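> Take this structure first; my questions come after.
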Amino acid sequence: SYVNHLTFPLVTRHKKNHLIWIFKGAMRTDVLLMSPWLAPIMWEGTFNRDILNAQYRQKNFVVGVATFAVKKYVRFIEGFLGSANKFFLSGHRVNFYLFTDHPEKVPSMKLAPEKSLVIIPVQNYSRWQDISMNRMDIISNHIRTHWRYEVDYLYSMDIDVQMFEHIGVEIIDTLVGTISSWQYTKPRDSNSYERRPESRAAIPSGEGDFYYAASFYGGSVSEVYKLTTACFKGVTEDRANGIEAKWHEESHLNKYLLYHKPTRLLSPEYYWDEELIRPRIIRVKRLSSVRKDLKEVRF
Ligand code: 5GW
Ligand code: MN
C-alpha cells in the first residue's frame, strides 16, 4: 500500500457496501476500538508509538505512579520496579511513589536517569480489605499535599504485577480506566458490579458499560483527586452503614467511572489476569498479575 504519515487514506476498499477503514495497516476489526462516548480503547496494532512519543515529548510532562507494598507485599517491589523501569513510559519522566510499612526492606535498585523512586512510610492496617480500601484515601490526601505540585498525571497500580511489554504515552489522558480481563470472558450483565442498593457503590441492574480493574487507573492529577475522594467517601459511608461493597474499592471505582466516563480506556492488555487463558485478541501481554499464594501472602 502507499500509506504513509502524510496521506492516510481513510477508506481504501469498498466491499458489499461496507466501508473498510485503514490506518497504515494498523486496522483491527476484531476488537472494539472506541467506546460509545468516543473514548479510544488502546489495543496493540491501533497506534503508532513513534508519533505519540514525539507529540508527548514536547509537553515535558511528569507522570507519578502510586503503588503500595504493605506487609508481605514488599516481596513484589523488586519485580514491579525492575519491570516498570524498563517498560513503563520508557524514556519519559516518571516518579514512582512507593507507600510501605517496611522502608528498610525496599531493595536498592538502579533506575533509568529519567525515573525516580520516592519511598513514603505508611502504617499497616489489621484487616487486608482496609489496605486496598485505604489506598483511595491516601492517594487523595497525597494529591492535596504533594502531587498537585509535583506531577501532571497520576496512575495508581497494584504492586503484585509485572510488565512484559511497553506501556507508553498511549495511556496518558484526562481520566483513564483499564477494562478488566474478566470482562472478556463474561457477558456484561453477569459481571461483578455491586447491585445492592444499600451500598454507595450500587449500580442499578441493566446499567454499566465496562467493568474496570482497580489495579490500574489514572489520569490528570485533578481528575484522579476527584475520583479517589469520591470513591473513599463511598467507602466511608458504606462502613458507617455496616456494608462493604462486593469488590471493595473496585466496586466504588466502577460506580464512579460509570457516571464520569473515562476519556480513554486501556484494553485488558494493560492488566492481564494470569488466572485466565489468553485469547487471540490479546496480542501482547503488557502487564499481568503475579501469581500469588493468597493464604501465604495475606495472612
Ligand atoms: C493483603 C491481603 C489481601 C488483599 C490485599 C492485601 C494487601 C494489598 C497487602 O497485604 N499489602 C498491600 O500492599 N496490598 C496492596 O493493595 C498492594 O499494592 C496490592 O497490589 C494492592 C491490591 O491488593 P491485591 O493485589 O492483593 O488485590 P487483587 O485484587 O489484585 O488480588
Ligand atoms: Mn493485585
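Note: Cβ is positioned from N, Cα and C throughout, glycine not excepted.
According to TrEMBL, the record shows the following:
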type	residues	note
ACT_SITE	GLU250	active site, nucleophile
BINDING	PHE68, ALA69, VAL70, TYR73, ASP158, ILE159, ASP160	UDP-N-acetyl-alpha-D-galactosamine binding site
BINDING	ASP158, ASP160	Mn(2+) binding site
> Quick one: which residues besides PHE68, ALA69, VAL70, TYR73, ASP158, ILE159, ASP160 have a Cβ within 8 Å of the UDP-N-acetyl-alpha-D-galactosamine site's Cβ centroid, in sequence order?
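After dropping the recorded site residues, what remains is THR67, VAL74, PHE76, ILE77, PHE80.
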> Is it possible to get the count of other C-beta atoms within 10 angstroms of the C-beta of ASP160 (UDP-N-acetyl-alpha-D-galactosamine binding site)?
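Other Cβ atoms within 10 Å of ASP160 (UDP-N-acetyl-alpha-D-galactosamine binding site): 18.
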> Using a 6 Å cut-off on Cβ distance, which of the recorded positions ALA69, ASP158, ASP160, GLU250 come close to any atom of ligand 2?
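What lies within reach of ligand 2, judged by Cβ under 6 Å, is ASP158, ASP160.
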> Do you know which of the recorded positions ASP158, GLU250 has the most other C-beta atoms within 10 angstroms of its C-beta?
GLU250
> Out of the recorded positions I have (PHE68, ALA69, TYR73, ASP160, GLU250), which ones have their Cβ sitting under 6 Å from ligand 1?
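Going through PHE68, ALA69, TYR73, ASP160, GLU250 in sequence order, those close to ligand 1 turn out to be PHE68, ALA69, TYR73, ASP160.
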> Tell me the Cα distance separating ASP158 (UDP-N-acetyl-alpha-D-galactosamine binding site) from GLU250 (active site, nucleophile), rounded to the nearest angstrom.
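That separation, Cα to Cα, works out to 12 Å.
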> The record names PHE68, ALA69, VAL70, TYR73, ASP158, ILE159, ASP160 as the residues that bind UDP-N-acetyl-alpha-D-galactosamine; what is their largest Cα to Cα distance in Å?
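The UDP-N-acetyl-alpha-D-galactosamine-binding residues span at most 11 Å between Cα atoms.
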> Let me know how many other Cβ atoms fall within 10 Å of the Cβ of VAL70 (UDP-N-acetyl-alpha-D-galactosamine binding site).
21
> When you measure from the Cβ of TYR73 (UDP-N-acetyl-alpha-D-galactosamine binding site), which residues in the chain that are at least 6 apart have a Cβ under 8 Å away?
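Once residues fewer than 6 apart are set aside, TYR73 (UDP-N-acetyl-alpha-D-galactosamine binding site) is near ILE159, ASP160, VAL297.
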